[in-house]
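Here Swiss-Prot flags CYS287, HIS338, HIS459 as Zn(2+) binding site. Per Swiss-Prot, the feature region 'Editing domain' maps to 1-143. As annotated by Swiss-Prot, region 'Catalytic' applies to 194-490, 195-490.
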Amino acid sequence: MRVLYIHAERFSWDPRDPALDIRDEPVSGSASNALVVFVSVERGDSPDEGFLKAVAADVVETAKKVGASSIVVYPYAHLSTDLARPYTAREVVGKLYEVVKAQFKGQVLKAPFGYYKAFELKCLGHPLSELSRVFKPEEAKTEKRAEERRDYYVVLTPDGAEYDPAKFNYAGLDDFKALVEKEVFKRELGGGEPKYLDYLRKFGFEWEPMSDVGHMRYAPEATVMMELVEDYAYMVAKSLGIPVFKIRGTNMFKLSEYAIESHARLFGERLYVVESDTDLILRYAACFQQFAMVKDWVISYRHLPFGLLEIADSYRHEQPGETVLLFRLRRFYMPDLHIFTKDLKEAMEVTFKLHEVIFREIGKLGRTYVSLYNVTEDFYKGHREYLVELARREGKPILVRILPGQKYYWVLNVEFHIVDELGRPREIATFQIDVGNAQRFGIKYVDENNQVRYPVIIHTAILGSVERYLYAVFDTMAKMEKEGKTPRLPTWLSPVQTRVIPVSKENLKYAMAVADLLEAEGIRVDVDDREETLSKKIRDAETAWVPYIIVVGSKEEAEGTVTVRERGGGQYKAKAEELAKKIREEVKGYPQRPLYLPRLLSQRPSRH
């Protein structure tokens, strides 16, 4: 933050034309014997209380030194070439004004943000009448750390006991201990190159070097896997037993809208901002679109609870060194489900079912979660037994982070972590109970007494983002390989579920007939018709993790059978119809998509 102090005999201002979409009310004003504080908010500045108190203390001290009877906080963008985004600058200036007002006994005024303004100033001209300052957020780090210490952690067990994390016995709870080490004691865990990155290359999950850092591209194999998970996310949402509406919307929103701007401030510099005729942000989840849509619905208490799901292309400006393929991205796809409930009591009841489904789905991968519950202190005091019940349902301790004296739009924010093959906790699924955004966006319903109410909203990603769910799948494969097992993708998620390999050209027609039969049953099947040896074709299919490799030669053709090599299993003969039935049973309850590649391998260009 850069500041210019002018001790003025008199100072007045008059707003003229708007300069920004984000702006205050156009109020004129004047002051005499004033310390005028011209403020440029820079990138990296934040509305942190400790930082603003440090700035305000200097402002007030300077006013006292020069004998000013009033202070004017004046937003002024011309002291820096590295300005913060308008929504951040407006908030910082507004909060600085409030902090100065609380510290100074005289008159404190603020000129409006977001306008071209005419002003008149008569500087007193004494040695201290013109001063400049540069303030950096890190100068307030001691006070900031003191504020952070107000957050504290407890371990809550299924029997309702509460423990200091430093004194808890973690015997037999290695994954939970890893979570506590990371979250409470801030210790870096694991190291080395994760094995799953090797797997991603074969399926076409890659960085896009011609885009921004943290943006991916998806080859055909990766694309079908992504879309299958998107389809499955909707199926899982419907399994909650409440009405679910699937929608689609835009990814850009105007910062001039109060609801958008106030919600966006929570993300600060992590936002993607698009400079156009108006300032736009790229959404970081589906919240904006779903809330903007539902505010226009006429909702009765009889409709509640219900959910909205969108596969939201989401954008978060992660630091370049933090991006990790498939796990931490700047652009990703979020199957974001928002559940609208009558009140906090109903929201908590719905989360019991939600919690069950979240654990059910990770269990299908042979994994489980360790959980971090972020709660406001008031919620913890008032609903501790609810958290104990969730711990009972998990059957193991949970880590609770308690945030005293702080106001959030949520009262509970739960993070569900797997522990990866390197021993690191990795957040996948989540849910939170939101008590603030319905009012912020104007979402209302009419209750039994014909009174207008604001619903309580549950935010959840049951599977996590599409990419993080797939990360969990591939990390499971890495754990399998580490244990000496053959990695095998779930058949429903395998880009190619069966590959038919003819022993010779003479068997190609029969191979195609087998492929036709399997494809008619909704099975993704391709045919290796290349001029390669049988052993190489089989090796290539195994390298591609095809779960069912079918070999057909003259003998199989004469018998009307196929020879099946099952990944991680044995080899056997079967009728093509029998194999189709087996695969159909295996993928029952999961979505189907066709093959996203040419059936014949000879028609596919090779990839580097």
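Cβ coordinates come from backbone N, Cα and C, glycine included.
Under the DSSP three-state reduction, CYS287 (Zn(2+) binding site) is assigned to helix. The Cβ centroid of CYS287, HIS338, HIS459 marks the Zn(2+) site; residues of that chain outside this set whose Cβ lies within 8 Å of it are ALA285, ALA286, GLN290, PHE291, ASP336, LEU337, ASP434, ASN437, ILE457, ILE458, THR460, given in sequence order.
Per DSSP, the secondary structure of the region 'Editing domain' (1-143) breaks down as 46 helix, 55 strand, 42 coil. Cβ neighbour count for HIS338 (Zn(2+) binding site): 23 (other Cβ atoms within 10 Å of its Cβ, all protein chains included). When the neighbouring Cβ atoms lying within 10 Å are counted for each of the binding-site residues (CYS287, HIS459), the highest count belongs to CYS287.
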